[in-house]
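Here Swiss-Prot flags 65, 120, 213 as active site, charge relay system, drawing on similarity to another entry. Summarising the annotation, Swiss-Prot assigns disulfide bond to 31-173, 50-66, 152-219, 184-198, 209-234. According to Swiss-Prot, the feature domain 'Peptidase S1' maps to 25-258, an assignment based on sequence analysis. According to Swiss-Prot, the feature N-linked glycosylation site maps to 79. The signal peptide annotation in Swiss-Prot covers 1-17.
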């Protein structure tokens, strides 16, 4: 998995994408099989790259910093290392970055205190619509603002220990708590704007560590954010994590889908 890690080199590789950065969900638990039917696995040239969210039969919402020159999409997956009869493979016919996302950030070796990493969103159009099944479903866009203190969770595939490069294979879940952006602002020198959400571990329940970029943040049962960035220290249960807030971007999401479907 990839994650926009603020203390690592963010220079572009030859493909025009961020270099692959391994990620972990530490101290969480294995999600119940197919309990997150909107969960998408975004691949680049046959390798797992990012998470994503199925928001329309033919559209996936993910993080802009997951940009690459080639995408493949898997839906209906739980264990990425096994063949599953619920799985659906899709090619991507086009990609659309949020026009407000600052692409120059991806060319920087280091991020600076004045950098604004808001609007970290990208829509991927599938070449063919997904088949909606028990294991593949759309996640509704939010209709209400999230509340501070909400119980949230996110999910993703990746490493589950700070001491190994072995992936979990199975989809992992972790519980978080939504907190004020001011708390993240004290932890991070980069700009915390009204376009992002800040969450931290709930009762030391686990860590997304380097995270699962592009995955959904679900708060009190409502889709509210897309996993975006944080620092790289793993299993630090004092860490705060930043998610792109979906509500302010609804107009762009809906218009992009309508105009390009």
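The first residue you see is number 1, and the count goes up from there.
From the backbone N, Cα and C atoms, a Cβ is placed for every residue, glycine too.
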Candidate recorded positions 66, 79, 120, 219, pick with smallest Cα gap to residue 213 (active site, charge relay system): 66
Mapped DSSP class for residue 120 (active site, charge relay system), helix or strand or coil: coil
Candidate nearest residue 66 (disulfide bond) in space, where candidates are the recorded positions 31, 79, 120, 219 and distance is Cα-Cα: 120
For the domain 'Peptidase S1' (25-258), the mean pLDDT of the predicted model: 87
Entry from the recorded positions list 120, 152, 173, 219 having the most other CB atoms no farther than 10 A: 120
Distance check against residue 120 (active site, charge relay system) for the recorded positions 31, 50, 65, 79, 152, keeping those with Cα within 10 Å: 65
Sparsest Cβ surroundings (other CB atoms within 10 Å) among the disulfide-bonded residues 31, 66: 31
Residue 184 (disulfide bond) - helix vs strand vs coil (DSSP): helix
Mapped DSSP class for residue 213 (active site, charge relay system), helix or strand or coil: coil
Greatest C-beta neighbour count within 10 angstroms, which of the disulfide-bonded residues 50, 184: 50
Using Cα positions only, nearest of the recorded positions to residue 31 (disulfide bond) (50, 79, 198): 79
Cα separation, residue 50 (disulfide bond) to residue 184 (disulfide bond) (Å, whole number): 23
Integer Cα-Cα distance in angstrom, residue 173 (disulfide bond) to residue 50 (disulfide bond): 15
